[in-house]
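The compositional bias 'Low complexity' feature in TrEMBL is assigned to 1007-1017. The domain 'CFA20' annotation in TrEMBL covers 2-121, 148-195. If you look up TrEMBL, you'll see 671-961 marked as domain 'WDR90/POC16 second beta-propeller'. Annotated domain 'EML-like first beta-propeller' per TrEMBL: 1146-1373, in sequence order. TrEMBL lists 1435-1739 with the feature domain 'WDR90 4th beta-propeller'. Taken from TrEMBL, the feature region 'Disordered' covers 996-1035. Residues or ranges marked as repeat 'WD' in TrEMBL: 660-701, 744-776, 1429-1470.
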Amino acid sequence: FSAVWQHPYLNVFKHFKVEEWKRSTKEGDVTTFMDKTLKGTVYRIRGSIPASNYIQLPKTSTQSLGLTGHYLYMLFKPMPGKYFVVHLDVTTEDSQVVRISFSNLFKEFKSTATWLQFPFICGAAKGSVYECTARTSKQDLVGVAPANVRWTCLMLDLHYILSMYLNRRYSHLKSIKLCSNLLVKNVYTSDLLFEPGVTFSEARQAKLAFHGISPMPREMAFPVPKGENWHDRYDYIRYQIVGKSPTHCCCNLGVQVLEDPIRHLPRPVTLTKAVRDRVSLIQQITSPKDVSMALGYFQISACLNSMHIHLCKHRGALLSVCRLGHLCSILSSALTLILAFVLQALWTKNSSAVVYPCHAIIITMQIETGEQRFFIGHTDKVSALAFNGNSTLLASAQMGHLSMVRLWDFQKGKCLSMFKTHVHSVSSLSLSYSGAVLCGIGKDGHGKTMVVVWNTAQVNQGGEVVVLAKAHTDVDIQTLKIAFFDDTRMVSCGRDNVRLWRVRSGALRSCPVNLGEYHSLEFTDLAFEKGHSAEREPEDRTLFVCSKSGHILEIDYKNFTIRNARRLLPSQIQHSHRRRSPGIAINSISISSTFCATASEDGYVRLWPLDFSAVFLEAEHEGPVSSVSISPDNLKVLCTTSTGNLGYLDVQSRGYNTLMRSHTDSVLAFSVDGLRKQMATVSQDNTIRIWDLVSMQQLYDFTASDEIPCTVAFHPAQQIFACGFSSGVVRTFSLTASDLLMEHKQHRGAVTGLTFSPDGNLMFSSCSHGTLALYNCAAQKSHVLRVLGNVVSQDAEHSPNALALSGDGRLLAFVGPSKYTVTVMDAHSLDELLRIDVSILDLDSTSLDSALRICFAPMPVGHLLVSTSSNKVLVLDAKTGRLVREVSRVHKLSCSSLTLSEDARYLLTAGDRVVKVWDYQMRFDINFQVYIGHSEPVRQVAFTPDQQHVISIGDAIFLWDFLAVSRVESPKRTSEGITQSPFLFTETSSEKLKDFTSSANEIPRQSAPLPSLASPPHLDISSIHQPGHDGEKRNHLERRGIKVSLGENSLYSSTAALAPLPSTSTSTLFRIEPTWSILSKVVLHQFLFSLQSVLYPPAGNEGLKLKAVIGYNGNGRGNMVWNPDTGFFAYTCGCVIVVEDLHSGSQQHWLGHPEEISTLAVSHDAQVLASASGHGNGDSRCQIRIWNIQDGTCQKVIFHHETQVQAMAYSRDDRLLVTLGDYSDRTLALWNTHTYDLMSSTHILEPVHEVAFNPLSAGELACVGRGAVTFWLIKQQGADISLKVHRAAIPDMVGRVELTSLCYSTNYLLYSGTNTGQICVWDTQTNRCFMTWEADEGEIGVLLCCGNRLVSGSNTKRIRLWSVAAVQELRLKGSDARSSSVLLEHEMTLDGTIVGATFDDSLDMGIVGTTAGTLWYINWAESTSIRLISGHKNKVNEVTFSPGESHCATCGEDGSVRVWALASMELVVQFQVLNQSCQCLAWSPIPISHGGAEGQHVVAGYSDGTIRVFSISRTEMELKMHPHSVALTAIAYSADGEIILSGGKDGLMAVSSPRTGMTIRVLIDHKGSPITVIQCTRKRVRPESSGELWLAASSDRRVSVWVSAWQKDKCELIDWLSFPAPSSLPPSLAAFCPWDNGTLVYVGFGMQKEILFYSLRQKQVLEKIPLSHFATSLSLSPAAHFLAVGFNERVLRLIDCTTRTEQDFVGHDDSVHLCRFTPSGKRLFTASYNEILVWEITST
């Protein structure tokens, strides 16, 4: 409410009453002044010292303006020959004050954490000397204002500036300080984008409000004399995010990173040359060259291809089948079936074919044979077409901002040229008869009509299209045509005018035809008289023009006069009333040598003789006829209608042939009848249409006048279909009787789902109000069986496929009751069986994930697929809700439809404007193909019942041939019942298709890439139920905690009893409801691999010794132990147990686990440590290791649990060890700690989350799970063990919760935490809960108690200390106990969810672990928290070292850059960038500024394309650049430290200066393939060679070697290496050999697993070292001839290149994706996901 008074804008000077100087202050020479230009009073601020002459708002620095406007507008004028400064203090959401300054004093852009300085370039008046010299002397513009400087409206986007340069969020404007020397009229703030120079009427006509733009309010507007242009008198500079177009009037202070907060401008502003030069110069000063704009033509061109498609179809209307494509494409290329709206259609020269647009596709159809060709390449709807005289050249234009025009070789179907028109929404094109001239009509940036003429004469020889002439006009133009007898003459018509145009001497001039009494008509079309007579001059002919009023004027073209005027009137109008009759509107006219054709609004095409004496033939259509065209042979007349029909009238036979029918609006849903080969579609045009898929004809057409049909379904057996409407009515229709059968009104909202059971006996429907209905359809007259309310999600976005039915018809699934849950029901009874919550799968996400679309996999696979709002597809077990796998980044935006083929081999998804076909088993590095053609979002996609075709709908209906069926070999059945076959996705070209969801103003590719694999983003596929499947990202969904629950009417057991089972048996009752988040993190990454090929080093001769491990595994639970008495401190990192001395920091490393360690337990005497991990090395069960703490040896390895061990605990007397399996294993095991034999094993029906022994009794323990505590009593008689169990439920007042943690007190109390933040207190003598209190807002995962103090830790990142002294007394009061007796003594907020904690006996100090990978030392008495261990939370991407080897730096996916002291491996400083991942890193080899530690810098590359330079000594960011439009993948300093080389995901390499922040050049040699390595060296190939040597490697197995002399601007490619291979799974890595100047070492994917040594002098491979696996990382020692290689098999290999000895080392938990020797060669750093291992080189 506080900001409402500031809308729509705020006059700052007026609101704060500047003239009174009570709420503002002035200093120095500040006076009012009457400005002649603005005709009003302004403030003049003068003085030689800006700091002493100023206006400041508010009065004092302690006050704040509190202005929240998104944009700030300042109306000012710099004083000629002077400098000025403006300071704006803004406050961020975290209360940080940042100063934004701009001045013509500043020569370059500078930034710190609290100050941004922007240079300002002053503009001059139009036509001045200054404006002219601006073209040649741009650098001189920086400085004092010129003599005739102009008034300027400056707009600052404060949101964007803060987020772009400082990664902060804007809160409000605190203060404004305007310093000399300048004139200022006012300052305004607003949330609206204002456009100067546009009137309100023009804004309404251009619909600017729809784009978020408003005309400038009168109070803010500068006066403009009549007849002049605003932009000719004033400057408008907009500091704001820029869109795709490089011509926006924006001074770009960076490159776009925020898409959401800022709206793109819908149209550019035409600028003077001076303003453009200023904009360009500001871009150069404030940011590096925008690669995405400069090279956008080539980048975006990969989006679409230009191709034509041959197909044959039956003569008739609608559906077409195409057979094209590359051998490796599964779908044929785009084919439209139903025309959504035909704007125009053309004849070819031979009159045998017609050409027409269908949205973004241009179609050519042979009218006799039905053969079709397709021209694909446009990214938005095609708005205009034109042929030259002999139909060899075709021109097409598309709609949208800055429309694109393509020129095609019509016979070859090849795109010859494409170019931007620099006008908006081209509405008409005309090609000259020769094809040498093209003319187009559109709107300029101010909404004025613009006519442009291009020279296209050289396009067939590969030449460019150039502008011949262009002109602006205030008149309306509907149609413009080039005269067929003269390329330089044109005629146009529109509202109130007919004009003749001519190009002469490079200028386009026009003159109007004197229309006399017809001057007010609205003319729609024109045509020239055909033929040629030798007696007449070519221009001596008649021009025919038609109008909306029914007039046809015959104009003498030579003399510019009207010869005759006729009017088409209704025949029934009496003669006396004909003058007052409105007439019949004529939309189009076409002239042949013998007759004329007119298309009119009454639906008639009429053929007339040229004297218009009478109609000799007419054809009536269903709706108004929009265009008409006579064929060149004069035998046929082509017609298009506003109802979407395309056909032609045969003049000789007088017959009419329909070529195409269509919906006239978006198609919403479809259904296919497999028996009768029919398809039903529903559309926003209120029609239901039935199509025959064999004959391609429309069979039926149903129209609902007052309601929109939303969804449709065919009955599987009878000729019946059902349709749901927006009114909530469900109707069933009989096709045999063409009649309505039944009407059901159970729903109140629009029907979102409708489907029949496979046998046709049942029908299901749902609506947007959440109602679900079940119908009996055994008879034709269906009736309702059951209706449920509020069970289906009430979001309409789930339409039209809100309901999914399993293949056997037993299960019904839908999103609901909320959008965060998916419910599975018994289809026959609508009893709920399963409910799955998908809202909190990703704990790191700031928003809840919701379900969008669902579908069942075919039987017997039994999967349920769910697409989510975070662009993922989750694959779940349909019966249990068990998570199978996840596919990330399925589409750029949301997935609107998904379905599986009947053999479960292929998955279809639709999203944005593309269709994707996936390999359902995800067996490849890239598992999908992308198909384009739709110009609007795809609403639904599905296989036809015979699996031969794919249908997709949206803007139109597309039928695709599914080619995989005919190519696949005989299917092979797997054990899972899934049919598998060789997948058809193979690499067809080194160039992959880019992002197909490009916007309309992006330029498509000129050459045609084949429909092969799509480009990154790569899939993030996780699987925990397929052992051996490994991904570099191990945040598996089950670790994140999927919520799965069973309903009350479950088919499965709902009992809560505990049944002890033999250890070898398994339970068939599988019940899952882990509705917690952090508990399931114990489900860790599984990876089976073989160690048979590992080359272990001989004992005592190891070349490496593990020196240190950086990181802590925040995925585990209870995986850190500390004994305050003995000082023993251990934690896990991956599969390594790190034992650290807290005083000295030295580490011991206990190795042996094959998998990530999930939990630890230490005996009470601190002599024994137990550790548990997943199974590996061929073991079928989890591994538990027992360690002797004294000597660090493993005493015993025991196996029992099948999946993961979740918790372990020793009894108080250390005689027993209890181990607890996770929710999949659900086994509780007791072990004898003397022999570690299994004493007892119990299988539990429900998941249990934690276990603890009673400290007062060694034979008692307790477990917590769903809604209850289970107390166990252990009784031993001889060798026999018996367990007595008591299950104590929580009180009803607590509700349905999960108990997630527990701890015993020494006074017969048990504390348990819940997933809702409550703590329950239990009396262990009576086993009852007598007290609860709200301890936190989130799930409590850790509880510790000692005496009268209790520590709790939760997923809200808080750890709290409670005083519970009164609880023991309250135990006697029973239910009267009150939570007010519990006091919160202290709390701390850490950096992640609390997953483990250990404290001393008094709970004064302890160590706490979090999911952020941090171990904290906590001291409650001193209120301190100190990081003990800190590692990266996500994958580590790079390690780099300082030149003196005193420090190292690491970067990771978590966006952090961390600097470590190498001696102690302690964290020194951390730089964090929010919401970005740091992809690459480099340390400056030589200080940039001055010597010593002062000049130590680190440069980092980020996923948003930015580069940041950090100063180590000042611990701040010094520079930010944005040379890339995509994520960086590699970065390096030049050998002298004066240049930064960076490579991106798109293969472009940028050369930037760390001094100026400028991008010097961009190298495109590796374009299309991500850069993997950039390395610079001071060594030379030959001693006589000059310059610096560097290399770059890309993922397509290519390496380039360069010699550069940056000071001389020299950069020369000296060698280019290409290593052939079938695909690129492992990375391509290259490095210079330190011990051989002229040798390059390469490793990558190839025919052989090997390391190659390539001589740059001899240009050949000198040596090969074979490998056992493909390498994932590579590093060469600078000191000795050592080479380190990492493998995906989690093995590190050290190779001595002198002796050819090889040693392998284990201890990594994941793929060894990074190896880096230190500069001295004494240490080796390796990284495995987020853990870093430091090795000491022991070999010499």
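Every residue gets a Cβ built from N, Cα and C, even glycine.
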Under an 8 Å Cβ to Cβ limit, what residues of the same chain, 6 or more beyond the ends of the repeat 'WD' (744-776), are close to it? 710-718, 722-731, 782-796, 798-805, 807-809, 812, 814, 816-817, 827-828, 830
For the repeat 'WD' (1429-1470), sequence-distant contacts whose Cβ falls under 8 Å of one of its Cβ atoms, 6 or more beyond its ends: 1032-1033, 1108, 1110-1112, 1114, 1131, 1133, 1140, 1145, 1392, 1411-1415, 1476-1483, 1485-1486, 1496, 1498, 1500, 1502, 1510, 1512, 1515, 1713-1714, 1716, 1718-1720, 1723, 1725, 1727, 1729-1732, 1734
Helix, strand and coil residues within the repeat 'WD' (744-776) as assigned by DSSP: 0 helix, 18 strand, 15 coil
DSSP helix/strand/coil residue counts for the repeat 'WD' (660-701): 0 helix, 24 strand, 18 coil
Secondary structure content of the domain 'CFA20' (2-121), with strand meaning DSSP E or B: 13 helix, 56 strand, 51 coil
Which numbers of helix, strand and coil residues does DSSP report for the repeat 'WD' (1429-1470)? 0 helix, 25 strand, 17 coil
Integer mean pLDDT for the domain 'EML-like first beta-propeller' (1146-1373): 89
